[in-house]
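Below is one structure, written out as structure tokens; the observations come after it.
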């Protein structure tokens, strides 16, 4: 009974995380197209949602070993660590549940502040915290065995430092070249062409996002299935898991994280269509090149780095470095903050114990979520005001002028 | 760890500069060609609506510009097709190999 209830809670919370992952990352692909008016806000999020859905189904490869990047609760085939299954899987399920809850809390808080932080860092952070609390520091895969890029250092921290810089450099070069080539022709005669280019490149980013991010949740749910004894195949993911994850991320994307879209599209750089195209092309190229070369990185870091780069590359463009600095701080603390919440959640669950512990974790999570949603209503950002003029004085989204 | 990291990082940077900056530039050449080729049919204006003094191309020049534009756009589309193949192949446990210059789908 206990593992079954915990398992159900893990599935629900995992899908909840996938949903926040969706709306948190809509901005990565679509913020520039919305800001330049290449796409109407609702059209942009719909397009992105469809491409995320398609992307999630395109990834048939098993992402079962997703947690192996940062923690040691599975072996290399994806099977759960037998030492954690002695109590019918409850020990492992509680770690995963607390980790997911930590990721969600951080995703919601950064959404409330309109900050584009990495959903993968939030998930990994939550799992790391819950694992440290449950198994101690030795349970964390800090740097792998050194033979390849692995562990918290190789798969999270180093790529996190490098990817926004690379994306920014590429976007700056691209933007500079585009403006050099177009010269004084910038304007009505070239606008339509760049709009098409911008929409095309943004669509590629959405598709790549769906293939990468939905897989992570599929892996986590399948791990929980195996731990609870409902599944024993480490080579495939059950169809219902794939379906549920694809729908969750796509629904989240459709909802649109308007607060974050606003920051990314309007807050960082006053962006024009050619800049938007250069930024999205840079994001798509960096994401595809690194996944091709087996290099893990966060779509969010790449996308925001690209947009900053497109501001640097256009002579005379304004980059709001204050907004960028806030964002940078959020990136640096995402992992430890989500870890702290994950550890606290594990503590709550462990203290109360068993089934009631798992339920308590979910109730605390729900309370947080409801509070943050209620708080967000005070200064609602939606499709109607996402493109309003950015006011620099208070560095957060402005109340709706309705 | 760090040598491995630097090795991966510069490869990503190189590939991303070629594709992520090169393709938008190529696309811009295409857009520029079409805009100039169209200059014969009406005056070009800049962002502020001021007329840009561009001499209208001769009909031969106009055709040349259009061909250049088409070539640029086709090259960009071909690169996007390769990009899509990389995404889709990755999802099916395959990889796209560029060993023979021409992209080929191989097992991962």
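Using the three backbone atoms N, Cα and C, a Cβ is placed for every residue, glycine included.
Residues or ranges marked as transmembrane segment in TrEMBL: A:49-71 (among others). Sequence-distant neighbours of the transmembrane segment (A:49-71) (same chain, 6+ residues past either end, Cβ-Cβ under 8 Å): 22, 29, 77-78, 95-96, 124, 127-128, 131, 139-141, 150-152, 155-156, 203, 206-212, 214-216, 218-220, 222-223, 234-237, 242, 245-247, 249-251, 253-254, 296.
Under the heading transmembrane segment, TrEMBL lists A:92-115 (among others).
Proximity of distant same-chain residues to the transmembrane segment (A:121-144), defined by a Cβ-Cβ separation under 8 Å and at least 6 residues beyond the stretch ends, is recorded for 17, 21, 67-73, 91, 94-104, 106-107, 110, 150-154, 156, 160, 216, 220, 298, 331, 334-347, 350. The transmembrane segment annotation in TrEMBL covers A:121-144 (among others).
Annotation source TrEMBL lists transmembrane segment at A:156-179 (among others).
The annotation transmembrane segment is assigned in TrEMBL to A:328-348 (among others). Here the transmembrane segment (A:328-348) has Cβ contacts under 8 Å with residues 94-95, 97-99, 101-103, 105-106, 110, 113, 115-118, 121-130, 132-134, 152, 156-157, 160, 164, 301, 357, 360-361, 364-365 of the same chain, all six or more residues outside its ends.
Residues annotated as transmembrane segment in TrEMBL: A:354-374 (among others).
Counting residues 6+ beyond its ends, the transmembrane segment (A:92-115) has Cβ neighbours under 8 Å at 3, 6-7, 9-10, 13-14, 16-17, 20-21, 23-24, 67, 71, 73, 80-81, 84-85, 122-123, 125-131, 133-135, 220, 223-224, 227-228, 257, 259-260, 262-263, 267, 326-327, 330, 334, 337-346, 348-350, 357-358, 361-362, 364-365, 368-369, 372-373, 375-376, 381, 396-397 in the same chain.
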